[in-house]
Amino acid sequence: MLRLEKRAQPDRRLALASPVLAVLATIVAGGLLFAFLGKNPFIAIGTIFWEPLFGEFAFYYRPQLLVKGAPLILIAIGLSLGFRAGIWNIGAEGQYIMGALFGAGAGLAFYPAESPLIFPLMIVAGAFGGFLWAMIPAILKVRFGTNEILVSLMLVYVAEQFLASMSLGLLKNPEGFGFPGSRNLQQYASAHNAEIIAGTGMHWGVVFAFIAVIFAYALLNRHMLGFHIRLTGEAPRAARFAGVNPPRLILFCLGTSGALAGLAGMFEASGPAGVVSIDFNVGYGFTAIIVAFLGRLHPIGILLAGFLMALTYIGGEIAQSNLGLPAAAIQVFQGMLLFFLLAADLLTNFRIRRAVPEAA
Amino acid sequence: MDLTAISPALLVASLMVAATPLLLAAIGELVVERAGVLNLGVEGMMITGAICGFAISVETGSPYIGLIAAALGGAALSLLFALLTQFALANQVASGLALTLFGLGFSALIGQGYVGLKPPSMGRLSIPGLSDLPFFGRVLFGHDPVLYFGLALTLATWIFLRFTRAGLVLRAVGENHDAAHALGYKVVRIRILAILFGGACAGLGGAYISLVRVPQWTEGMTAGIGWIALALVVFASWKPGGLLLGAYLFGGLTVLQLNLQAAGVAIPVEYLAMSPYLITIVVLVFLSSRRSLTPGSLGRIFHASN
C-alpha cells in the first residue's frame with residue numbers, strides 16, 4: 001500500500017514541474033481521445049501544437065496567438081489574485097460581457113464623431129463595466145456574507161440575457177438590415193482597437209495584458225496588499241493576526257478581476273470581434289480559470305499558460321478544418337488539463353511513501 | 001396580453017415537471033454536502049447525465065435504460081471528483097469547476113450526433129378514475145414515473161439522514177471529520193459513496209431535462225440549473241424538506257416566467273429569462289446570515305495524518 005505524507009513545505013521544483021507533467025499527461029490522454037474519435041493521434045497533436053507555430057501558414061496563425069492569448073491572460077491575472085486568497089470569482093465571463101457592452105456603448109454613443117479621446121474613454125468604460133458587475137458579488141459577500149461563487153456565476157447568465165437584449169435593442173446597428181448586433185467598430189476609426197504594428201496581432205489588449213502581468217508580479221512580490229493576499233490564502237489564521245482586512249481584500253480582488261475581465265471584453269469587442277452580438281462571448285471567462293491554475297496562480301506562469309491555451313484554441317481550429325476534429329474535443333482537451341493539474345499538485349504537497357502494514 | 005390563457009392545472013403540473021431536475025440534482029448535492037464535501041461540479045454531472053440518458057435512450061429505444069445510463073454517467077464523472085479530492089487531496093472548489101468545464105465539453109462532443117433527434121417518450125401514470133379527476137387528476141396522478149421517484153427519493157433521504165444509524169454517521173463525518181475518524185469511521189469511504197450518490201442524482205436530473213422536460217438535446221442545455229441546485233441546498237439549510245419547498249417554488253417561478261413570455265407580457269423576453277438567476281441571488285442574500293447551519297467540515301480537506 002502507498003501512503004501519503006504531508007510535506008512541511010511544498011516542493012518548489014515539483015511545483016514548477018507539475019504543470020509540465022500535467023500538460024504531458026493531457027497530451028497522452030488527448031491523443032487517446034483523438035484516436036478514439038478515429039483520428040491519427042500523432043497528426044492531431046502535431047496539428048494542434050506544431051502547425052500554428054511552425055506550419056505552412058504559421059505567418060497567419062502566429063499573430064492569432066497574441067489575439068487569443070491576451071484576453072485569457074488579462075482575465076486569468078485578475079482571477080489569480082482572488083484564487084490565491086480563497087476568493088472565487090468564477091463569473092469572469094459575465095464581467096467580460098459587461099465590459100464589452102460598456103466599452104462598445106461608450107464608443108457608439110459618439111458615432112459618427114471622430115476624436116482621439118473616444119478610445120481611452122471606451123477603455124475606462126469597459127473596465128468600469130466589468131468592475132461594476134464584479135462589485136455585485138463583492139458587496140453582497142462583504143455586507144451579507146453571500147457566497148461569491150454562486151452569485152458571480154448566476155450573473156453570467158444574467159449578463160448573457162442582457163447582451164441579447166442589448167444586441168437586439170439599444171446597441172443594434174440601425175443599418176444592419178434587422179440582423180442582431182452592433183455597428184462594426186472596426187469601421188469606426190476612433191473606436192477601433194486596431195493592430196499597433198500591422199500583421200503582428202499586437203493590439204492594445206495585448207499591451208494591457210503585459211502591463212497586468214507586471215502589475216500583478218509587483219503587487220504580489222513588492223507590495224503589502226500582495227503579501228496580505230498570499231498570507232490569507234496560505235494561512236488564514238495568521239492573516240487575521242497580521243491585521244488583514246478581509247472586506248477590503250474581497251473588494252480589491254473581485255474588483256480588480258472584474259475590471260480586467262471587462263477590459264478583455266472591451267478590447268475584443270472593439271478589435272478582433274468588431275461587433276457586440278448575441279454570440280459575442282466564447283467562454284474566455286471560463287477557460288481563464290484553467291489558465292490561472294495552469295500558471296500556478298503566478299503572473300509569469302499565467303503569461304506562459306495563456307499562450308499555451310491560445311495555442312490549443314488555434315490548433316484546435318486548424319484540426320477542425322483539416323482533420324474534421326470536432327470543436328468540442330478541444331474543450332474536453334482543455335478540461336482534462338485542469339484535472340491532471342489538480343492531480344499533479346498532490347506531488348508538490350505530499351510525499352508518497354510505501355506504507356508499513358499497520359499493526360492494528 | 002392574455003393571462004386567461006394560462007390554465008392553473010397545467011401551470012401546477014408543469015411546475016412539478018420544472019422542479020424535478022432541480023430536486024433530483026439538489027437532493028444528491030445535499031447528501032454530498034452533509035458528508036462535508038462541496039462538489040461544485042453539479043452542472044457538469046447534470047449535462048453529462050443529460051447526454052448519456054438521451055443517447056442511450058435513442059439507441060436502445062427505452063427511456064428507462066437511458067435513465068440508468070444517465071445515473072451511471074453522472075456517477076462516473078463524480079468518481080473523478082472523488083479521486084481528485086479524496087485521494088489526490090485537491091482543492092474541492094477547483095476540482096468541482098474542472099468537473100463542470102470537462103462535463104460541458106464532453107457532453108458537447110458526445111452530443112454532436114444527437115442534435116435534432118426526438119427521444120422515445122416516457123409513459124405517464126394513468127390510474128383509471130383518479131387520473132381523470134378534474135384538476136387533481138392532472139396535477140397529482142398524471143405525471144411520468146421519474147417525478148414520483150424524485151419525491152420518493154427526497155422522502156427516503158430525509159428518513160435516512162434523520163432516523164438511520166448510517167445517516168447519523170454520514171452527518172458526523174460532515175460535521176467534524178477528525179472526530180468521526182477518531183471514532184473509527186471510514187471518512188474517505190463514506191465521502192466517496194456520498195459523492196457517487198450525488199453524481200448519480202445529478203445525472204438523473206440532467207436526463208430528466210433532455211428526456212422529459214424539453215425533450216431533445218442541445219449543447220449546454222442545462223443552462224445553469226446545476227448551479228441553481230447548489231444554491232437551493234443553501235436555501236434549504238441542508239434539509240430535504242426545505243429542498244422540496246425550494247425546488248417547487250423555483251419551478252413555479254420558471255414556469256410562470258415562461259407562461260408570461262408566451263402570454264406576451266410587456267416585459268422583454270430577455271428580462272423575464274434572467275429572472276430565475278436574479279431571484280436565486282436575492283434568495284442567497286436573504287439566507288446567507290444563517291451560517292451556523294452549514295456542515296462543520298464542508299469543503300475542508302481530510303487527511304488522516306493532520
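The backbone N, Cα and C atoms fix where each Cβ goes, glycine too.
Record features, source TrEMBL:
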type     : residues  : note
TRANSMEM : A:21-50   : transmembrane segment
TRANSMEM : A:70-87   : transmembrane segment
TRANSMEM : A:94-111  : transmembrane segment
TRANSMEM : A:117-140 : transmembrane segment
TRANSMEM : A:149-171 : transmembrane segment
TRANSMEM : A:202-220 : transmembrane segment
TRANSMEM : A:249-267 : transmembrane segment
TRANSMEM : A:273-294 : transmembrane segment
TRANSMEM : A:301-319 : transmembrane segment
TRANSMEM : A:325-344 : transmembrane segment
Under 8 Å between C-beta atoms and at least six residues away from its ends: which parts of the chain pack against the transmembrane segment (A:301-319)? 19, 23, 39, 44, 47-49, 51-53, 55, 61, 64-70, 72-73, 76-77, 80, 209-210, 213, 216, 287, 290-292, 294-295, 325, 327, 329-330, 333-334
Using a threshold of three or more Cβ pairs below 8 Å, and leaving out pairs closer than 6 in sequence, do the transmembrane segment (A:149-171) and the transmembrane segment (A:202-220) count as in contact? no
With the greatest number of Cβ pairs under 8 Å to the transmembrane segment (A:149-171), the stretch among A:70-87, A:94-111, A:117-140, A:249-267, A:273-294 is A:94-111
Distal contacts, the transmembrane segment (A:117-140) - CB-CB under 8 A, six or more residues away: 89, 91, 94-96, 98-107, 110, 146, 148, 151-152, 155, 159, 190-193, 204, 250-251, 254-255, 257-267, 269-270
Counting Cβ pairs under 8 Å to the transmembrane segment (A:70-87), which of A:94-111, A:249-267, A:273-294 comes out on top? A:249-267
In the same chain, which residue numbers or ranges, 6 or more beyond the ends of the transmembrane segment (A:273-294), come under 8 angstroms Cβ to Cβ? 19, 22-23, 71-73, 75-77, 79-80, 83, 90-97, 100-101, 104, 156, 160, 163-164, 166-168, 171, 173, 180-187, 261, 264-265, 301-302, 305-306, 308-309, 313, 334-335, 337-338, 341-342
